[in-house]
Amino acid sequence: MGLPWYRVHTVVLNDPGRLLSVHIMHTALVSGWAGSMALYELAVFDPSDPVLDPMWRQGMFVIPFMTRLGITNSWGGWSITGGTITNPGLWSYEGVAGAHIMFSGLCFLAAIWHWVYWDLEIFCDERTGKPSLDLPKIFGIHLFLSGLACFGFGAFHVTGLYGPGIWVSDPYGLTGKVQSVSPAWGAEGFDPFVPGGIASHHIAAGTLGILAGLFHLSVRPPQRLYKGLRMGNIETVLSSSIAAVFFAAFVVAGTMWYGSATTPIELFGPTRYQWDQGYFQQEIYRRVGNGLSENLSLSEAWSKIPEKLAFYDYIGNNPAKGGLFRAGSMDNGDGIAVGWLGHPVFRDNEGRELFVRRMPTFFETFPVVLVDGDGIVRADVPFRRAESKYSVEQVGVTVEFYGGELNGVSYSDPATVKKYARRAQLGEIFELDRATLKSDGVFRSSPRGWFTFGHASFALLFFFGHIWHGARTLFRDVFAGIDPDLDAQVEFGTFQKLGDPTTRRQVV
């Protein structure tokens, strides 16, 4: 037929059987990819340290999505929360991956069947004898079925009525586990960080979808609306479907990047705004303050800080620190975290406590500046030593560690103090193993960053596709130069310009 690459889909334009076939094959490819990707990730995933080497540090992409829906165990005998298990059951990570691959195979066979047996009676219009689809009726069927699935997910899976529940955690990502969730029917259900809103919104949206589906099955569209929106044209379906997909892609890009109950930080890593706002740092200082008020020493108060919380307060876990074109997991960048060295407290020769100014997200390098409790600069690592007034040597800065591996250790030699001041710019200080994976020391993004980038990019692309196909279907007569309701047969190629009244026509 010699079609250009961007017009190859015209081969299924007036062929409902094969249109169905290629969509089933597409589902087979998507499901097959999901299952295969899950098996690949399981082959390379190391579950041994859920605190310092969680799935998001290892660049896992599909494992977090399975986990948030209630899968936590592996046939390998491990659980995502740590420890070993004896009977993971069918719905383990491998079980879900296998189910997707089996479903992919069945879809593959169904696609071949529908490609071979394309001329089915169901696709034939009784009045004309030509292949056609009752698109408003199909819309009603799909709306009803998707509403049913949506309602079922919210009412049964999420609530734990018949299903595992979903991943729920505290605001600081420390106590996450899979549990059943009760629907939140009040104003709190609209808070994106309240898990109960997931159940209530799915129940509400599912109910609406079921009712709307029944409506579209029982009520025919008015003729003027049918013609105005070109409801008989398959390209209208394409255009409106693309609209639904790009809208959803924009929404999930937002919920992923800004964070929500659907994207827990234990599974996808923290957001960049948690670093920008000092979110974890404030919580750490609050806990230390509480410890001191209970008459604990500084060392004891810092030792009670969970390593998991300290690890979130490290710039290397900020998804905005990795470049879009730096391939690989976070572990391939700054290395595998081995242990927390402890919290460094700097003091000058007058005994004032100094705080290292932290690096903002979009800086690769940043001057080392130490300020006191009032924000006054007291020490720095100068660019020009000849003109320096506040250098570590001149001010006599010392550092002492509280909590972590270096608990109680102090240093006063300037070279070591400057080393830890530079590292304190990046948040809490961790020992990182860069040898195992040959990590290059350049920060990478987390799956949160990749998901957002991918979905925002495709949403923009699909937005253009919606405009393109919507315009094609609405203005088809203008583009073709033919009135769609024309009774007379037009002889193509004989008129001078579009709409020329002298065009020769032959009445049918």
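Any Cβ shown, glycine's included, is placed from N, Cα and C.
Not measured: the values here are computed from a predicted model.
What Swiss-Prot records for 21-36, 101-115, 140-156, 203-218, 237-252, 457-472 is transmembrane segment.
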- Task: Tally Cβ pairs under 8 Å between the transmembrane segment (203-218) and each listed stretch (21-36, 101-115, 140-156, 237-252), then give the stretch with the top tally.
- Result: 140-156
- Task: Go through the chain and flag residues at least 6 beyond the ends of the transmembrane segment (21-36) whose CB is under 8 A from any CB in it; none is fine as an answer.
- Result: 12, 62, 96-101, 103-105, 107-108, 110-115, 118
- Message: What residues elsewhere in the chain lie close to the transmembrane segment (237-252), defined as a C-beta under 8 angstroms and at least 6 residues from its ends?
- Response: 135, 139, 451, 455-456, 458-463, 465-466, 469-470, 472-473
- Message: Can you tell me which parts of the same chain pack against the transmembrane segment (101-115), counting only residues 6+ beyond its ends and a CB-CB cutoff under 8 A?
- Response: 17-18, 20-22, 24-25, 27-29, 31-32, 35-36, 39
